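Below is one structure, written out as structure tokens; the observations come after it.
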Amino acid sequence: MTASLLMLVVLMTSFAADKWITNAQLSLPLLIAAVCATATAAVGIPLLRRLKMGQFIREEGPKTHQSKAGTPTMGGLLVVPVGVVLGSLITRDAVASQQLLSLAVLTLAFMLIGGIDDWSSLTKHTNTGLTARGKLLLQAMATAAFLAIAAWQGWISSSIALPFGLELPLGLMIWPLGLFVVLAESNATNLTDGLDGLASGCGALVFTGLALQLMLRGDNGDPALAGFCMAMAGAWLGFLVHNRNPARAFMGDTGSLAMGAALSGVALLSNSLWPLLVMGGVFVAESLSVIIQVWVFKATKGPDGQGRRVFRMAPLHHHFELGGTDEQSVVPAFWLVTAGLVLLGLVLRP
């Protein structure tokens, strides 16, 4: 699956949804956001280059990535606001507008946290920015504020909707779970952003999948949150024009953290945690590969400080790279898997 084919699939899917799903208006926010994001990135990337926002590549990473050094990062700054602003203007309904505003603030807060992390990395001339603990604390504070507003307004269900009419009642446990979901999803999308076009393509597909299942649930669906999803999908497709191999810019933590926050925020507000888990399976796999790699290495570490490794390198996409599969093959394969998981999530929607 090439980038052009992925874009065509998402576009045609939105047109088909508008035609066949009652109350669906998915293609307009997708198209407007895609065009605007393509333009803002085209204008902004040369500016990032002039400001010397070049990415540093870690030496222990795949050797083929060393040629990417100096590619402008913080590209999320150019497209996330496009998706957020356009997505927030979808509806005139008062309650839906308040939800979209809170979702926009959460997304932009994570973009800011990612931006601080990226900037810290650039000023230190390394591939590491904020400390893991410091970044996690900032993310937790932003998420807690979002959840507090949602709790006050009664926006989040205390049970998780599952397929076949089933529900998993959680009561007050939904709140710590909500915190975990936002932190886990944002860091999972961050880990996925390691190859040209990988996270932006997968993100566009998952946003589209969430929008479709939102419109297929209930009598009239949820056009406000579905429209927000399509605006975000369009923003990432617009960025993909510049981020596909060879990438002219990277989204950085600025974009990847915001992507995960937006996905999880939509899922929490719409009781779509199950669809997000299924459709975002690539994000889950990338994150689990890192957790497994670290845990096994520490558990088997000997006196020499060396331990066993389950994967050649984590996250998972590097495992395939070091196995001899080139980047231009790994990325489309992951897109294809994500597309399959989106279809599965639609079949198994609550």
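Including glycine, each Cβ sits where the backbone N, Cα and C put it.
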Check your understanding: In Swiss-Prot, which of 49-69, 70-90, 301-321 is labelled transmembrane segment?
Key -> 70-90
**Study point:** Which of 70-90, 195-215, 221-241, 249-269 contacts the transmembrane segment (328-348) most, counting Cβ pairs under 8 Å
**Key:** 195-215
Check your understanding: Out of 164-184, 195-215, 249-269, which stretch touches the transmembrane segment (221-241) the most, going by CB pairs under 8 Å?
Key -> 195-215
**Study point:** Residue numbers, six or more beyond the limits of the transmembrane segment (249-269), whose CB comes under 8 Å of its CB atoms
**Key:** 41, 45, 48, 55, 71-80, 83-84, 99, 102-103, 106-111, 113-115, 117-118, 129, 139, 142-143, 146-147, 150, 155-156, 178, 181-182, 184-190, 192-193, 199-200, 203, 206-207, 210, 225, 228-229, 232, 236, 239, 242-243, 275-276, 280, 283
